[in-house]
Amino acid sequence: MMEDAKTHHPTNCNPDIEVNVPENSDDIKERFSGFLIIGLDGRIDDCDGDDLRGVARALDLSGLEKVLAEFPDVPNRRQITSVSPKCIRELESKAQNLPISCPSLTKYWRLDLRKQSRDEQQTILKLFTALDEVASAYLEFSANIFVGDPQTSPVPQVSEPLNLAAPAALVPPDLRATQFYLENAARGIGARNWAHLQPGGKGDGVKLSVVDQGWQHTHPELSAKVTSSPISGVNNPNADAQKHGTSALGVIVAADDGLGVVGIAPNSEPVEVASTYNSTDSSITIADAIIAVLNRSAPGDVLLIEVQLANGTLPVEVDESVLCAILLASECGVIVIEPAGNGSRNLDDWPTPQDKMFSGSATLRSLRRGDVAGGFVDSKAIMVAAATFAMPYNRLPSTNYGSRIDCFALGQRVTTTSNAPLSSPLLLYRLDFADTSAASAIIAGAALVVQSLYATSITTSSPARLLPNTMRQYLSDPTPGVNTEAPGAQIGVMPNLCNIARRQCLVPDIRVRREADDCNQLTTR
C-alpha cells in the first residue's frame, strides 16, 4: 500500500505530458530493446516476490493489477535478478547520500514487449505512465557493445612505422612500440616510461571489474588474469562481442611478458567480468550486471562499463535504472568508468524533444552538469570521451562531448589484444581499437595505477583507497600544466600519471621540503 500516491510524481515528470512513440520510425527497432521498464512509486511497501502481478495483488495495487491483467501473456521480471531484493536493500543501506530522485532498485521491473507491435507498445506504455502506482515508465534503449572498430573513425596517416612482419611460428609479435597511449604526456598517459618504473605503478593489488558481453579468456595475454566465467550473464560466443571485450581487457591488464602488448595495469588483481548477455533471452541487463559487480566489490575497486546505448550513441546512465545502479556503486565507494558514447552529439543538449518522443518518456534527465531544473543527477562516474590520434588533440568526430565529460583518451590507433585462434599469434592483436570504448579502457587503466600509487604511498593513518570523488578530481584536474588538455573540445582532460602523482604526493620527490608534509613548495636557499 502507499499513501497520497495521486499527488506524487518525480520532480522531472509532468503527469499531464502525453508520451507518444513514433509509429513509423525506421529507427525505433534499432534504438530500443523491446522491453518496457517501470519504476514503482518509492513509497510502495517492499515485497520480495519475483512476479509483478503477484506483487500487485499482495500490496493491493489495484490500478497496476488491472493493467497487467489486460496483457496476461506479457512476461515480466525484476530489473535486478543477480542478487536478492534483500541484498539490494542492504547495499542501499550502506549508501548514505543517495538522492531521493533515485528510488530503490527493488522498485524497477521489466516487461517483455518484443512480440508486440509498435502500436501495442505505445498503448501499453501510456497505460502504465498514467498509473499512480508507477513513478516512471519508459522504453528501454538497446545496448550496443560492438563499437570500438575503426570504421566510424578513419585513422589519419602518421609518420610512425608499423612493423607487422609475420612473426616466427606461434611466437607473438612485439607490438609494444605501437602502444602510443602508454607513452609520456602529451602523447599518452605516462605509463610505460614513468608509472611502470615506480613502486606500485602497475596497478598492484587493485581490483578491476568489467561490464561487457564477451571476451576470449584463453588469450595468452589474459588467461592468467581474467576469470573464465562471468559473475553474471553469459560469455557471448559472438566473434564481434568477444573481440570487443578482449580488446578492452588487453589495454588494461595484458601480461607484462615482453611479448605482444602490455597492459596499463598488468599487476592488478584478477579481473571479474559481468556480462549483459543472456543466451536464453536477449534482454539488456546493464543495471543487473553493475549490481552483481557491486555485491563483490570493496571501496576503491574500479568498474569499467564497456557498453553504450541506442546503437552506441549514448552513455548508459541515460537509462534511469542504470543511473541508479551506477550511483549506488559510486556511493558504496566503487570507481565507475563510463564511455560517453559515439553519437557525435553535445550531451548538454540531451534530451531533446525528439529524444523524449522516441523513448516515450517524459522523465529523461538532463546530462548538462548542474542542470537541476532539467533533472540532472551526478552519477559520480568518470565519463570518458575520445580524442583524435593527431596532435594537438581534438575530439574524435564520433565522440559525444559536453560539460558532463570528465576525461578523454586516444580513440584511434589503440593497439591491444584481439580474439583469434591461438594457432594464429599475429591475429591475437589489433592496432585499431577505437572510439570511446578504447578511450574508457585507457582511463580505467589510469585509475588502477593512481589507486595503486596511492596505496603504496599512504601512512597507516590514511584511508586505504581513494574513493570516487577524489579519483575523479585527480584524473580530471583542469589545473593548467597537470593533465593534457584539448582546448575548446569539451572533452575534459587526459590524465598525466606523472603530474598527478607528484601533485598529490604519491611518489618520492627529490625536492627539498620545508615541512614533512610540504608537497608543493620548493625550499629556497
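Glycine too: its Cβ is placed from the backbone N, Cα and C atoms.
Keep in mind that TrEMBL annotations are predicted by a computer and have not been checked by a curator.
Here the structure is a predicted model, which means the values were calculated and not measured.
As recorded in TrEMBL, the features of this protein are as follows:
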- Asp212: active site, charge relay system (ACT_SITE)
- His244: active site, charge relay system (ACT_SITE)
- Ser437: active site, charge relay system (ACT_SITE)
- 203-474: domain 'Peptidase S8/S53' (DOMAIN)
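When the alpha carbons of Asp212 (active site, charge relay system) and Ser437 (active site, charge relay system) are compared, the span between them is 10 angstrom. Asp212 (active site, charge relay system): 29 other CB atoms within 10 A of its CB, across all protein chains. Looking at Ser437 (active site, charge relay system) and His244 (active site, charge relay system), their Cα atoms lie 8 Å from each other. Mapped onto three states, the DSSP output places Asp212 (active site, charge relay system) in strand.
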